[in-house]
Amino acid sequence: MTGESGAAAAPSITLNDEHTMPVLGLGVAELSDDETERAVSAALEIGCRLIDTAYAYGNEAAVGRAIAASGVAREELFVTTKLATPDQGFTRSQEACRASLDRLGLDYVDLYLIHWPAPPVGKYVDAWGGMIQSRGEGHARSIGVSNFTAENIENLIDLTFVTPAVNQIELHPLLNQDELRKANAQHTVVTQSYCPLALGRLLDNPTVTSIASEYVKTPAQVLLRWNLQLGNAVVVRSARPERIASNFDVFDFELAAEHMDALGGLNDGTRVREDPLTYAGT
């Protein structure tokens, strides 16, 4: 990781296509348009530069409005959106990318992801081919996947010879994804975590709260720091400006190995989102 530390000055990580991405960003899943605009505005104001949305969230236009109103230069931003499952396919994925750009009011996205592999649908390889085209046309700087298994990624590489830059997956101490992180790394794919707080389920966990008290940090800050110290990039959602500021204040401390191990030891395979092996939605 490279870059300066600070309350919201997230370091950056270099992707396998040589583009760089902040290691910590704001997610806006399940936020209303008003909540999205307020959250994005608050995040940009404190120095956050990665904003993660998706067609399925229904708030790409709200993200675009907040970006336009912020005055932050486009080249300073890293904007991610995602391809919805009904839009999988070679041609439809390209059309969907252009439609997302229209809603965002942008000429390109920094990262375009296949939201779910949706194995029952059977179109994610075709969709990947279309995304390769979108990248070639300059509509997406980098392309990647979300919720993909190691086998899904190997299928893409074997059939298209193009490796995703990022695999965004559910990852928190209850689901530490050790094997998938190793598989991603073997293919030079950056692991980006979502639901790093397990939808709040870990905020009152005794192990988490005990460690937080030792560092005089919040449980959320400890959970985010754990994820970052594993070498992951992270997207964290919040609609509250004060919580957003707190979530980005995680670059001034480091967890000891014993505390990293204690948090990792909470792993029991619990998912708070759908199972990628069977899910065919979003």
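Keep in mind that glycine also has a Cβ here, set from the backbone N, Cα and C atoms.
Feature annotations, courtesy of Swiss-Prot:
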- Tyr57: active site, proton donor (ACT_SITE)
- Leu197, Leu199, Val235, Arg237, Ser238, Ala239, Arg243, Ser246, Asn247, Arg273: NADPH binding site (BINDING)
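Everything Swiss-Prot records as a feature, shown here on the structure.
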residue: Tyr57; record: active site, proton donor; CB count, 10 Å: 21
residue: Leu197; record: NADPH binding site; CB count, 10 Å: 21
residue: Val235; record: NADPH binding site; CB count, 10 Å: 21
residue: Ser238; record: NADPH binding site; CB count, 10 Å: 22
residue: Arg243; record: NADPH binding site; CB count, 10 Å: 16
residue: Asn247; record: NADPH binding site; CB count, 10 Å: 26
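Binding residues for NADPH (Leu197, Leu199, Val235, Arg237, Ser238, Ala239, Arg243, Ser246, Asn247, Arg273) extend across at most 24 Å, taking the greatest CA-CA distance.
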